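What follows is a single structure, written as structure tokens, with notes after it.
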Amino acid sequence: MCGANIDAVVAHANSVKIPGPGDKIFKDECVYSFDTPESESGLYICLKTFLGLGKDHLERHVRKTNSHLFLHHKQIKTERKSSSVEGDGPEKKITRLAIGTEGGFDPNGGKEYDITHEYSIVILPEFTVIPYPCDKLPDVVQKSAKKIIESDSATKIAELSALSGTWDGEIRSVSKHAAHLVQLDNGKKIPPSGWKCEKCDLDTNLWLNLTDGSIMCGRKFYDGTGGNNHAVQHYQETGYPLAVKLGTITKDGKGDVFSYAEDDMVEDPNLVAHLAHFGIKTSQMEKTDKSMVELELDLNQKFGEWAALQEASSQLKPIYGPGYTGLVNLGNSCYFNSLLQVIFTIPDFIQKYVDNAETIFNSNIPNPAEDFNVQMAKLGCGLRSGKYSKPPSSSADSPCTQEGISPNMLLNLIARGHPTFASKIQQDVQEYFLHFISVLQQNCKNSVDPSESFKFQVEERFQCSRSNKVKYLHRDEYCLPLPIPLEAAINKAEVEAFEQRKIEAEAKGAKLDPSDVVRPIVKLSSCLEALIKSETIDQFFSSAVNDKTTAFKTTKLSTFPDVLLLHVKKFKLREDWTPIKLDVSIDMPDTVDLSILRGNGLQPGEELLPETEGPPPVQFNEAILNELVNMGFPLEACKKGCFFTKNQSLEAATQWLMEHLSDSDFSDPFVPPGTSSQKASGFTPNQESVAMLMSMACVEENMAVAALKETNNNLEMAADLIFSNPDSLKEKIKQQNESSQDASSSQQPQFRDGGSQYKLVAFISHMGTSTMAGHYVCHILVDGQWIIFNDNKVAVSENLPKTLGYLYFYRRI
């Protein structure tokens, strides 16, 4: 069948390449769109560049590369009929608060599929098709196609490199009692079934105490189910710390172990031996009861913050079409999905990457799969076009569940070289936003920068307590952190009553129904007042008295951006330094006048502090500084800890660092209070990183500084830039030298500015107790109605949970 067109293949065979060890093969998805081998027209992989292309993008690629031979891949997926799984309990379902791990959230919803692959060689531009395999094809074409089919895709390789960490919301610490647990030789043997509580008639939710072998029922849950608290009472009477939930023990020696002494679910590495003491052979055990995580998941679907933010109790109406496209969760990428959904509703980003997409795609870019602007345009078009927003098949777990699009390429590109974002671990969306802005700016050096829509100038006013003279400093920011003054809650009496009920319930070994939770309600106006409240600054160097003194600092905004991002600082530290999330409601209005934040600079009657060369050099206690660095804190933050505690002690400096861990400038270069900051005066390289780059890469100081400037002081990314593209750095240094010679000393950074009236257009919410675990969703105001985007679930919002958000996006009216 293939003989007639072989001559046409031979005519183009000289351009065909066989993939080598260093070649990346993009065979999972089009580099310009989200067409895949499963799409109606399949995927075309170029035999010269190894780029995957959807049918709509072939003509451009042929024109730009003069490549004419492609391996066409069509993948057909057929769902298998359900079948029971032996030895895995009463039902096969989610058993862990995790994504991409066994027992965790399954992107396929637990479904299994049969996959059929169809291949052919296609000659462009005629679209001549030759079935593959075909032994009449030139040898180089056969080898190239074979190697492409057999090799891992570039996407898979990137994912494997990121699997050093995979978020698991239920990773448990090893119990301190496990290694030396005392087990009584009381002759007690536990049968393989027929268990019952020794103090009542319950035969479910039973716990085996690993010290004496007693079987008692567990706590009563807030929905009325569970036990009668006999296991808790047994611990209170005996002090025996560990118990395992019967029915959760599996063949591999795993099970739900609770430590009453540590008041938490724990790991017992010696569980097999501890069970054998009572005659239990784990190799013969099967899971027959729900684990604690399964029970928690069931309850979370009905009650609490998880249910509220996902609107789980509502009959959500699905919505499809342009602007209503879901994003697939790629293993804890919900923080990325939520942020980018919002980003591509902002006019500056739509104009840059959607309206201008064809211009970007037509640019002479050798590797579009690894070009930031191409991938941003690809995602923007994918989200806004509606091409990939279609009703699900009848087998979907929810009518709101779309197939969605997988933003693999952009996700990997933004995270490249970053020590945390390159992993599969859940991340803080606010930190990711700042990293995203940094990457965006690096790729918009000579073009329109849509991040300007977020940029605003902060005004810091310092007043010397001894001379009453003032100093004004300015810095640019992209996100405004909001403190939460719990003392300003408008329902204090109700909260105190709830807390008392909670204490009384816990004393009885019970828990309150989450639907009865009373959260403190704090108004946005109270948060704004706390933000601009005067703050006392110690060790302020006053040039008026030429000495350190105290000063009064107020923070306001010199400019108002087009889009103001408010970061509600919900995460705090307990007295024992463990992070907690404030369970609080913020009364966020639909529209707000932020004129209270406006700073107006030097006022009549104010006298400026005299300009000097600055304070004398700061002395740090090197011993304390080194100890802090060894504890894992950034060097610049350690300097601040020493400075603001006057080098008193390691404990005082550590306490200061823990209290300021969430500060936006925590890791910024240290500058004494009252002197110009790094953000105000321009880029300041990390000197340790400069020295390391000069030694490691054998480059001069200007190269090291330029690389750090391009990567915002990220050492790993700077090193990669030096080794991968030194010529571009040299060109940038040359351009900077030329521009600095021509630059006017009066030039100032430009900021957009306008009125103080804003409207809430989107918010991102976090579920869970830590930013490093849990889940993110976003709500966006689209054409007058609120839409919930929960990864690849998109629906009209019914019960808008806007008081429980984490990041709020206000657009100027």
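Any Cβ shown, glycine's included, is placed from N, Cα and C.
The feature domain 'UBP-type' is assigned by TrEMBL to 173-282.
Of all the Cβ atoms in the protein chains shown, 26 others lie within 10 Å of the Cβ of C217 (Zn(2+) binding site). Annotated Zn(2+) binding site per TrEMBL: C197, C200, C217, H230, in sequence order.
The annotation active site, nucleophile is assigned in TrEMBL to C334. Just so you know, the Cβ of C334 (active site, nucleophile) picks up 27 other Cβ atoms within 10 Å once every protein chain is counted.
Averaged over the domain 'UBA' (619-660), the predicted model reaches a pLDDT of 88. Feature annotation from TrEMBL assigns domain 'UBA' to 619-660 (among others).
For 684-725 (among others), the entry in TrEMBL reads domain 'UBA'.
For 736-750, the entry in TrEMBL reads compositional bias 'Low complexity'.
A simple way to gauge crowding: the CB of H775 (active site, proton acceptor) has 23 other CB atoms within 10 angstroms, across all the protein chains here. Residues or ranges marked as active site, proton acceptor in TrEMBL: H775.
Within 10 Å of the Cα of H775 (active site, proton acceptor), the following recorded positions from the list C200, C217, C334 place their own Cα: C334. Within its own chain, C197 (Zn(2+) binding site) has D203, L206, I215, M216, C217, G227, N228, H230 as residues 6 or more apart in sequence whose C-beta sits under 8 angstroms from its own.
For the recorded Zn(2+) site, residues C197, C200, C217, H230 set the reference point as the centre of their Cβ atoms, and the other residues of that chain within 8 Å of it by Cβ are E198, K199, D201, L202, L206, M216, G227, N228, A231. Put simply, C334 (active site, nucleophile) is 45 Å from C200 (Zn(2+) binding site) when counted between their Cα atoms. Sequence-distant contacts of the domain 'UBA' (619-660) (same chain, six or more residues past either end, CB-CB distance under 8 Å): 538-539, 573, 577, 666-670, 672, 686, 688.
Of all the Cβ atoms in the protein chains shown, 22 others lie within 10 Å of the Cβ of H230 (Zn(2+) binding site).
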